[in-house]
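Asks: Below are the features listed in TrEMBL for this protein:
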REPEAT    18-42  repeat 'ANK'
REPEAT    82-114  repeat 'ANK'
REPEAT    115-147  repeat 'ANK'
REPEAT    148-171  repeat 'ANK'
REPEAT    201-233  repeat 'ANK'
REPEAT    235-267  repeat 'ANK'
REPEAT    268-300  repeat 'ANK'
REPEAT    301-333  repeat 'ANK'
REPEAT    334-366  repeat 'ANK'
Amino acid sequence: AAELLVEAGVDMNEQTADGRAPLHFACLKGHKEFALWLIDSGMANCSLIKKDGKTALHLANFEDIARRLIEKGVGLNTKDVNGRTALFLAAASNNAEVVASLLKAGALINFANNKGQTPFHIACKNNCEEVVRMLQQERLNPNASDKLGCSALHLATDNGHSEIVKRLLEKKKIRVNSRDCQGRTPLYFAAYRGQIKAGNDGNTPLHAAADCGHTEVVEALLKAGCNVNLHNSTRSGVPLHFAADRGFVKIVQLLLDYEAEVDAKSSEGWTALQFASRLGRTEVARILVVRGACVNSSGRHGWTPLHVATRKGHGEIVKLLIGKSANVGIELEDGNAPLHFAAQNGHPEIITMLLDAGASPTQKAHRTSSTPIDLAAVFNRHLSLKLMLKSLCRKGVDLLNEESLESLDRTKLKEAQELLSTDRPQRDTKIRSQELHEAVNEAGFIRERCVTQTAMSHVLEEIIQSHSGQTMCLTGSFSEGWGCSLTRLDGIVDLNSDLDMTVFIKGLRYHLKGFCKCTKLKESPEDDNRRREIAERQRNTLEYSKGHVKFSGH
């Protein structure tokens, strides 16, 4: 139809009384294909300006139309009668794609309209979150004031746009106490409203300020009467949870001073103390405990502050909680107690505190039947295992008594015996070796027992040394974890196993022949001292070959 009009001689640049040409109409009404045809065919003058000062670029609602107009040379920063460029209108309608094209082409972001407002003011005022995010990535002045002295934060607060307020507060350069021409700060508008409406996630400015650490904002909002115990709609979190999680001590104190519920729970059943314990916010945890927080409060699946702190290895908080009589044996739904986590993750200081407070290293988790000792062995936490074994020794547990050890599944013992039989047909060595390994492993010869045995030897070594008064050391197979005898075929140490003890003599220096890196002496010494030094070295030379050490005179 447009081509027929052109053939009929219709002028595509004819303007109405208010200055609108066909291209203006096409852009305004969203007739994309017609607008692109006018631009690409060259039939339209793309730079025509309406009487209100708008170009087709001001009216462009589609990114490709805006891009084509920019390519045709339409002024990026042409202002309408209200002082607005195309960027103003795109920002006001939250048209992120057009905004992106304009910014890429070099549109000025700090241009002010007749009211002194920038595109950033407009986006914040109109709650255009995506455009606000884009503009914040540019070199804008976030604290620019309009002719009434209002910043973008004033406008967002005055219009109750909680998400925009939160985004602005997250930026360190934002001035939260800037005043408009009447001396009002952004907080004045919050106070005037009493409580700004919540955003999409249910967070109010008080949630946002507590989460971002703006102490003055929190105080002003509390003085204005904001509900200190208001839960957000999605996470059911109160401002105290946010502040505790982030470790903002002063804000936590402020909220508690304004009667925040110290044990208010989130949707997961967590209190502020659990949030503080998770990230090691020791000072916050101390304040909460002093204010009466329940140290044994459990959330979803049974998580208590002590579970959380122990799992993350926050020793100071564990010490604080135990000092306030936290239950060290309390279990999760799966039966894991705090000591299970300390043993698995290898936190020896925490293990010591828990054991001293009465935690049991043999407490079983009912879902897995694992004890803390089991977990320490499985995860190769040698020091943790040693601490727990010593704890059992102090309680009089006989570690070498078979009845005190967990019984093993011996269903594979017969197969192990068959593999050891000389009558079994000869097969490939690797296959037989693998079968033997699997059989004895299932019979009880497992890495965890080797680790346990090694740790046990250290405990026995200390006992021997304390009774004998000598620095005797356990050596040999038992101390190295491979002393389990095949005579038992169950992986448990034979009660008749011997313990090799050695006293190491200090003071002599030995030199391993062929490997020693000591500085070589001259072969022809000129004095007696050098000669004696060479003779002494020759007496202390060791030779090593195929696992054997040869020492002259022994």
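Placed from the backbone N, Cα and C atoms, the Cβ positions cover glycine too.
Would you situate these features in the structure and describe their surroundings?
Replies: Beyond the repeat 'ANK' (18-42), the same-chain residues lying 6 or more positions past its ends with a Cβ under 8 Å from any Cβ of the stretch are 2, 12, 48-52, 54, 56, 59-62, 64-65, 68-69, 72.
Same-chain residues lying 6 or more positions outside the repeat 'ANK' (82-114) and placing a CB less than 8 Å from one of its CB atoms are 52-53, 55, 57-63, 66-67, 70, 76, 120, 122-123, 126, 128-131, 134-135, 138-141, 144, 146.
DSSP assignment over the repeat 'ANK' (115-147) gives 15 helix, 0 strand, 18 coil.
Assigned with DSSP, the residues of the repeat 'ANK' (148-171) fall into helix, strand and coil as follows: 15 helix, 0 strand, 9 coil.
With DSSP states grouped into helix (H, G, I), strand (E, B) and coil, the repeat 'ANK' (201-233) comes out at 17 helix, 0 strand, 16 coil.
Taking DSSP states H, G and I as helix and E and B as strand, the repeat 'ANK' (235-267) has 17 helix, 0 strand, 16 coil.
Mean pLDDT, taken over the repeat 'ANK' (268-300), works out to 96 on the 0 to 100 scale.
Helix first, then strand, then coil: DSSP counts for the repeat 'ANK' (301-333) stand at 19 helix, 0 strand, 14 coil.
Sequence-distant contacts of the repeat 'ANK' (334-366), counting only residues of its own chain at least 6 positions beyond either end whose CB sits under 8 Å from a CB of the stretch, comprise 301, 304, 306-307, 310-311, 313, 315, 318-319, 322, 328, 372-373, 375-376, 378-379, 381, 383-385, 387-389, 391-392.
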Asks: Under an 8 Å Cβ to Cβ limit, what residues of the same chain, 6 or more beyond the ends of the repeat 'ANK' (148-171), are close to it?
Replies: 115-116, 120-121, 124-125, 127, 129, 132-133, 136, 142, 178-182, 184-187, 189-190, 193, 196-201, 203-205, 207-209, 211-212, 214, 217
